[in-house]
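Visitor: Got these off TrEMBL a minute ago, pasting:
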type	residues	note
TRANSMEM	6-23	transmembrane segment
TRANSMEM	35-56	transmembrane segment
TRANSMEM	76-96	transmembrane segment
TRANSMEM	117-138	transmembrane segment
TRANSMEM	177-201	transmembrane segment
TRANSMEM	245-266	transmembrane segment
TRANSMEM	278-302	transmembrane segment
TRANSMEM	347-368	transmembrane segment
TRANSMEM	442-460	transmembrane segment
């Protein structure tokens with residue numbers, strides 16, 4: 001293997017992140033709208049890469065054909081998101097105690113109902129939009145009906161991770177559309193969330209929040225001072241035995257291996273049972289990362305059985321997840337195809353506006369009726385996730401409930417256990433594209449519509465008023 005091209009790609013990637021962080025500290029516009037450093041770095045990479053500088057830069061300078069980066073660097077960056085999203089999902093439940101469903105329902109029932117309603121609603125809205133506008137008038141395939149949920153609820157990681165699935169169903173442009181939509185979702189999620197919190201503070205909808213304008217400059221810059229230094233995690237092994245990060249990395253790799261085994265078994269089962277008989281194939285189009293998530297759950301359960309001690313520290317796992325997510329966003333945004341988006345700009349804008357409108361409508365109309373206590377705090381956290389990333393949710397939570405005085409953080413965490421295995425990048429998200437291709441939009445619309453109505457009724461009747 002030739003390591004020099006990879007090291008060069010890693011150097012440029014690191015440089016983009018450092019420049020992005022420097023700009024975050026220096027420019028108040030990024031601070032006031034809480035734009036993540038990874039998004040800033042990704043856009044810098046996009047501007048300096050072949051899509052902008054390489055295309056619109058000086059034509060008499062052939063060495064700028066690929067922008068400031070080499071063609072090999074761009075190629076390596078394009079391969080990284082699929083690997084990184086697998087790491088992120090493999091680590092999703094590592095280091096977490098996995099309670100039974102009854103306990104989750106007691107502590108997070110309203111949050112589960114609301115989150116599921118929003119997610120299935122994204123499918124319903126997206127598929128109807130595809131049937132009415134996107135397919136008949138704009139020429140997109142029926143699989144475009146899944147773009148809202150993949151991009152907004154799933155986020156940049158899921159959008160990038162499904163690139164091979166888009167390719168396999170002959171909708172390769174969907175990968176760039178979904179990633180572009182996911183980027184818009186993250187930005188609009190932060191901005192919409194901040195606007196909502198300001199409105200909530202002014203209208204006494206919040207319990208403990210302070211206006212975002214009152215946050216310290218360090219909080220806006222994303223800098224932790226010496227006085228507020230937080231722990232990155234706890235060591236679970238002595239270094240003379242083995243480094244704790246080595247053990248945690250090994251658990252993630254093991255979870256991925258278990259996920260690969262699950263994928264092989266399911267693909268073979270599909271071929272033997274219904275694939276060869278009815279020529280219906282779904283699982284072979286599903287990427288590795290949702291299987292790695294299942295592998296992570298199995299690994300977590302096994303670790304508690306095999307090891308006497310809690311050898312997996314959740315905070316250390318989160319650091320590895322965070323590293324992977326930052327690298328994923330920078331590489332994915334830097335290699336985004338603006339050509340594809342410009343060719344489908346009308347569809348892109350329609351999908352973006354529709355997705356944002358549904359999420360805001362659900363927050364304003366459904367959250368106060370489905371969440372009986374602290375609806376604003378719990379609703380705005382889900383608004384952040386429904387727009388693109390869990391990290392957006394945690395950012396908004398830090399503003400709306402900085403001292404964790406409401407049950408929002410706990411209920412959101414419990415809700416994820418019944419949420420992420422299915423939607424928001426889970427098994428159904430990964431299967432939605434092949435389902436739409438194999439069976440068409442109407443059966444999938446019926447399934448998602450029934451689930452949407454089910455969770456809506458559960459939320460309104462059991463928890464609402």
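Cβ from N, Cα, C; glycine included.
Surface or core, plus neighbours and distances: that's what I need for these features.
Guide: For the transmembrane segment (35-56), same-chain residues at least 6 beyond its ends with a Cβ under 8 Å from one of its own Cβ atoms are 12-13, 16-17, 19-21, 23-24, 29, 64-69, 71, 74, 77, 183, 186-187, 190, 222, 325-326, 329-339, 391.
Away from its own ends, the transmembrane segment (76-96) comes close to residues 5-6, 9, 13, 45, 157-158, 160-161, 163-164, 248, 251-252, 255-256, 259, 287-290, 292-293, 295-297, 299-300, 303, 312-318, 320-321, 324-325, 327-328, 331-332, 334-335, 417, 420, 425 of its chain (Cβ-Cβ under 8 Å, at least six residues beyond either end).
Counting residues 6+ beyond its ends, the transmembrane segment (117-138) has Cβ neighbours under 8 Å at 144-149, 152-153, 344, 346-347, 350-351, 354-355, 358-359, 362, 366, 370, 382, 386, 419, 423-424, 432, 436, 441, 444-445, 448-449, 451-452, 455-456, 459 in the same chain.
Through the fold, the transmembrane segment (245-266) approaches residues 86-87, 90-91, 94, 236-237, 283, 286, 288-289, 291-296, 298-299, 303, 311-313, 316-317, 320 of its own chain, all at least 6 residues removed from its boundaries and within a Cβ separation under 8 Å.
Note on the transmembrane segment (278-302): residues 82, 85-96, 98, 158, 161-162, 164-165, 168-169, 251-252, 254-263, 266-267, 269-270, 312, 420-421, 425-427, 429-431, 433-435, 437-438 of its chain, located 6 or more positions outside it, place their CB under 8 angstroms from a CB of the stretch.
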Visitor: Give the nonlocal contacts of the transmembrane segment (6-23) in its own chain as ranges (CB under 8 Å, at least six residues past its ends).
Guide: 30, 37-42, 44-45, 68-70, 72-73, 76-77, 222, 326-327, 330-331, 334
Visitor: Using Cβ atoms and a strict cutoff of less than 8 Å, what residues sit near the transmembrane segment (177-201) while being 6 or more residues removed from its termini?
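Guide: For the transmembrane segment (177-201), the sequence-distant neighbours (Cβ-Cβ under 8 Å, at least 6 residues beyond its ends) are 33-36, 39, 42, 144, 147-148, 150-152, 154-156, 158-160, 162, 166, 209-213, 332-333, 336, 340-341, 344, 347-348, 351-352, 355-356, 359-360, 363, 376, 380, 383-384, 386-389, 392, 395-396, 399-400.
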